[in-house]
Amino acid sequence: MSEKKINLLDLDRKALRALFTEMGEKPFRADQLMKWIYHFGVSDFEEMTNINKVLRAKLAAKCEIVAPEISSYQKSVDGTIKFAINVGDGQEVETVYIPEDDRATLCVSSQVGCALECTFCSTAQQGFNRNLTVAEIVGQIWRVADFIGFVKDTGERPITNVVMMGMGEPLLNLKNVIPAMDIMLDDFGFSLSKRRVTLSTSGVVPALDKLGDVLDVALAVSIHAPNDELRDVLVPVNKKYPLEEFLGGIRRYIAKSNANRGRVTVEYVMLDHINDSTDQAHELAKLMKDTPCKVNLIPFNPYPGSPYGRSSNSRIDRFSKVLMEYGLTVIVRKTRGDDIDAACGQLAGDIRDRTKRLAKKQMQQNQISVTIN
């Protein structure tokens, strides 16, 4: 049985340099290799012309460069593209490319499904199977960049921003998310500014503290409710890490970070007559008074079977004005890709649910149906 080859997309620069040293090669060769992979989109060692022929042969015998394949894609009328990425065993995660005039953002997944159970999120309703590997995380960027088109002669990439806001809770996969983001930030990797890489979390506080100790990227926090009582329902991880504990973790992260320019982005999904009253706006403003932030109001994007509706524009406008009265910077997010279910909260993928969440939900619905009838 042949030895399994090392997928080089799994290795950040430190690990890749260690591999080259182990192979009896100069560590700087790792930098050259990374440039070929991430700047020029090359996966064939024979195309790496500044690496000598003997080393190319050694690499081909021991290593491979394999990103997960694109199974299918859909393009929205607004230019947004949703990709289904095949991660094996018949499972897919979803990745979304969002082009704008001055940037091109890729929304990347970190898990097959999600271990959390936020009640307004389509991904959460699909259950959870496993964490994605480093290669599967950076491979989403690599594969989409290849699809859109690397500029081979300059190394210019078609993706300028990455947001870890796809399927999954990134802080529950720190082992793989940290080296993946290292590759995103590395000058020999995707060479993105730390202000152009954003991690979004629902509030796994110990992991947030650990992230702040080792990496500096922009942070977005999923608040979605102005008090613990409502957040316990909408974002059940709140029962373990309630708002004050989460806000303390956020402030500690901001204190360590340069990428956030002294403040964090608060994400707040607008659910009709659930969390969008003017009283709740006052409550949210008071909650955030000691945490430097800008607030991103996200019109809810319905999915099949969703128990919630989208707040009206007038309710969003009133909510926004209350927050601004407190001096908060408020942005109402422009919905992108909702016609192809690629908008915030709509990603679902194709998942083998190890949590049996879908089965339990179906059983509960059947029991309700029997009771009603």
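Even glycines carry a Cβ here, placed using N, Cα and C.
Among the features that Swiss-Prot reports, active site, proton acceptor is placed at Glu94. Reduced to three states, the DSSP call for Glu94 (active site, proton acceptor) is strand.
The annotation domain 'Radical SAM core' is assigned in Swiss-Prot to 100-339 on the grounds of sequence analysis.
Around the Cβ of Cys107 (disulfide bond), the number of neighbouring Cβ atoms within 10 Å comes to 27. The disulfide bond annotation in Swiss-Prot covers Cys107-Cys344 and is backed by sequence analysis.
There are 26 other Cβ atoms within 10 Å of the Cβ belonging to Cys121 ([4Fe-4S] cluster binding site). Residues or ranges marked as [4Fe-4S] cluster binding site in Swiss-Prot (evidence: sequence analysis): Cys114, Cys118, Cys121.
Per Swiss-Prot, S-adenosyl-L-methionine binding site is recorded for Gly168, Glu169, Ser200, Ser222, Ile223, His224, Asn301. Taking a C-beta cut-off of under 8 angstroms and a sequence separation of 6 or more, Glu169 (S-adenosyl-L-methionine binding site) has the following same-chain neighbours: Ser110, Gln111, Cys114, Ala115, Leu116, Thr201, Ser202, Val204, Val237.
Look at Swiss-Prot and you will find Cys344 tagged as active site, S-methylcysteine intermediate, backed by sequence analysis.
On the backbone, the CA of Ile223 (S-adenosyl-L-methionine binding site) and the CA of Glu94 (active site, proton acceptor) stand 23 Å apart. On a Cα basis, Glu94 (active site, proton acceptor) lies 9 Å away from Cys107 (disulfide bond). For the pair formed by Cys118 ([4Fe-4S] cluster binding site) and Ser200 (S-adenosyl-L-methionine binding site), distance between Cα atoms is given as 14 Å, rounded to the nearest Å. Taking a C-beta cut-off of under 8 Å and a sequence gap of six or more, Ser200 (S-adenosyl-L-methionine binding site) has these contacts in its own chain: Val163, Met164, Met165, Pro170, Leu219, Ala220, Val221, Ser222, Glu267. With respect to their backbone Cα atoms, Glu94 (active site, proton acceptor) and Asn301 (S-adenosyl-L-methionine binding site) stand 16 Å from each other.
Of all the Cβ atoms in the protein chains shown, 23 others lie within 10 Å of the Cβ of Cys118 ([4Fe-4S] cluster binding site).
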